[in-house]
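As written in Swiss-Prot, here are the features:
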{"type": "BINDING", "residues": "10-11, 31-32, K38, K53, 76-80, N93, K144, V170, K178", "note": "NADP(+) binding site"}
{"type": "ACT_SITE", "residues": "Y140", "note": "active site, proton acceptor"}
{"type": "BINDING", "residues": "N169, S180, H187, F201, E202, G203, C204, R214, Y278", "note": "substrate binding site"}
{"type": "ACT_SITE", "residues": "K178", "note": "active site, proton acceptor"}
Amino acid sequence: MLIVTGGAGFIGSNIVQALNARGREDILVVDDLTDGTKFANIADARICDYLDKDEFLRRIASGDSFGDRIEAIIHQGACSTTTEWDGRYMMENNYAYSKTLLHYCLERRIPFLYASSAATYGGGQVFCEEPQYERPLNVYGYSKALFDQYVRRVLPTADSQVAGFRYFNVYGPREQHKGSMASVAFHLRNQLLKDGSVNLFEGCDGYGDGEQRRDFIYVGDVVDVNLWFLDHPEVSGIYNVGTGRSQTFNDVAHAVLKAHEGGELQYVPFPEHLKGRYQSFTEADLTRLRGAGFDGSFLTVEEGVARYMEWLQQN
């Protein structure tokens, strides 16, 4: 059996779909469906069971084996709202929760794959998986960086796989429940359908209008990385998961406009509350990921957004 936490969320539900495509249905999905709209992400999935996160944690704490051999825990469950400033809530959901699962897995030699984030780098300009480059700009990034630091301390004595993935700007199907935290491609499409135009921020930090650059990665490529590590339980560590190629927000906007054959691009003032807390540039250093043996390719913004817009039109 495989356990996917956050399995009704964005990346987690895409992992479940990919496991189904492999013929796997022995999947326990763990999530918090307080936001009931997330059910849509797993309504078409084939799973063996569902557990609420709180019940799951109670059973983990009691040492429950869940009645079956656990092949791996793929931990995607977390609070991913970068504008959330309730530090106690964030540390409980992202740090303490992850530590509990990590030790459960280590004690039973169960592979543990988990979601970290490029938010650990914050305002830095070097995106290499080393502590000196970690400068989080918000408590979300800090919660992820702190758990990565914890993992580094236990890895030397771990007898089973522990692999963390620093996701960069992920976009694609099944993110509609994320609201303000959904990708820029998702929001631009909604703007275009509503107003016939799309809005980007004016320039900041020395970048021109819409020229801020991020490493945008299609969710299907993120899933491929997770499944590669699932297939290679001998590989542990913390890895960047991006394309290794930054592109501009203008690139995303033009890809959305192209998919809909028209529309206007406008620029709006940069929000005051984001100044000093905004990553104007990210680009994953993939040296460590490639060195681990992953040789998969990644879609460009143009390719990924086109695929995503087609999926949205069909669903």
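Just so it is clear, glycine is given a Cβ too, placed from its N, Cα and C backbone atoms.
Quick caveat, the model's predicted, so the values are computed rather than measured.
Here the features listed in Swiss-Prot are painted onto the structure.
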residue: D31; record: NADP(+) binding site; DSSP class: strand
residue: K38; record: NADP(+) binding site; DSSP class: helix
residue: Q76; record: NADP(+) binding site; DSSP class: coil
residue: Y140; record: active site, proton acceptor; DSSP class: helix
residue: N169; record: substrate binding site; DSSP class: strand
residue: K178; record: NADP(+) binding site; DSSP class: helix
residue: H187; record: substrate binding site; DSSP class: helix
residue: E202; record: substrate binding site; DSSP class: coil
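K38 (NADP(+) binding site) has a Cβ environment of 23 other Cβ atoms inside 10 Å.
Sequence-distant neighbours of D31 (NADP(+) binding site): residues of the same chain at least 6 apart with a C-beta under 8 Å from its C-beta are T5, G6, G7, A8, G9, G12, K38, Y50, D52, K53, G77. The two recorded residues, E202 (substrate binding site) and K178 (NADP(+) binding site), show a Cα separation of 24 Å. On its own chain, A78 (NADP(+) binding site) has G6, N93, N94, Y97, S98, A115 as residues at least 6 apart in sequence with a Cβ closer than 8 Å to its own Cβ.
Listed recorded positions: Y140, Y278; maximum Cβ neighbour count within 10 Å falls on Y140. A separation of roughly 26 Å, to the nearest angstrom, links the Cα atoms of C204 (substrate binding site) and K178 (NADP(+) binding site). Straight-line distance linking the Cα atoms of Y278 (substrate binding site) and Y140 (active site, proton acceptor), rounded to a whole number, equals 13 Å.
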